[in-house]
Amino acid sequence: MTTTEATWQTPFSDERRQSVASFYPSPTSNPMSEKDGYESRRASGISVVADTGREREQRERAKEKESQVEDEDAGQTVKLTDFDVVSTLGTGTFGRVLLVRLRPAANQPGAVQHFAMKVLKKNEVVRLKQVEHVNSERNILSRIRHPFIVDLYATFQDHLNVYMLLSYVPGGELFSHLRRAGRFSPDVTRFYLSTIVLALRHLHAYDIIYRDLKPENLLLDHRGYLRITDFGFAKIVQDRTWTLCGTPEYLAPEIIQSAGHSKAVDWWACGILCYEMLVGYPPFFDDNPFGIYDKILKGKIYWPKELDRGSKELIQEFLQPDRSRRLGNLGGGVEDVLLHPWF
């Protein structure tokens, strides 16, 4: 990996990044040849999942299920009328997130009072072919509990919407805090990254790949700890998967090359996140995603001279293009990360 010293600068946009998945006809195709199609999808804000050769058959078998959200909520006692809407926390392509309060009649002593309710429009979920992502998010969150991951308390649906009742995390996105601060100190970065490493250890123990790590998907709780949210791209994988998805600045080389990927992509993303927190912008950025992909594959990183040696070495170990040599994917697994001198 080529490294170059650079003076401190903040050229990166303040706009939130869309999670996208690009389509390549084959693992050997030229990414630049697909630029026009990608730009149209990017402008529409749509997340698209590619059908690669190894997964196309699985998608065909699942095709008949793509028009409906799994109905496992028939016995669910929670209902929409149990809550009052306090405010809107955010809006997305096919839904919104509301801050809701449990009504007194439905309240139990000592119960959680406020929740984040994700409201997904069924017709938009189906139209944008996001049914698989919605089902995956619900199924994965329903089986895990960790202090640095948002909790899923309940799901239910009606003829218009799917509702997910999640932890209300009041501190907002790490993205907003980072943009206001410009960059974080090594100590602050170390604290935040430690919570992510522990959360990934928990996910990987269940063979869950997260695949969309970025400041926009990290929330600060009332104690100042991070909690990972938005599990639409998370997937249970015991070996490798070939679905092309994620956020361009955070994609590992093996995802771009359609070489099949595994848990190692989350450790690559940790390196990108660490760099962005310390520097204020990601190491690979461009005006269009294909420029980003090209820079990722070339592996040239500009290092601000103010960045300390220990942080630089950690990032380099995470951003190993060869996943067999990548920190977190070595013989010791996540323990190699936790025992790294930087932590």
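Glycine too: its Cβ is placed from the backbone N, Cα and C atoms.
Listed features, source TrEMBL:
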- LYS118: ATP binding site (BINDING)
- 1-12: compositional bias 'Polar residues' (COMPBIAS)
- 19-32: compositional bias 'Polar residues' (COMPBIAS)
- 33-42: compositional bias 'Basic and acidic residues' (COMPBIAS)
- 52-68: compositional bias 'Basic and acidic residues' (COMPBIAS)
- 83-343: domain 'Protein kinase' (DOMAIN)
- 1-74: region 'Disordered' (REGION)
Around the Cβ of LYS118 (ATP binding site), the count of other Cβ atoms that are within 10 Å: 25
Model confidence over the domain 'Protein kinase' (83-343) (mean pLDDT, whole number): 96
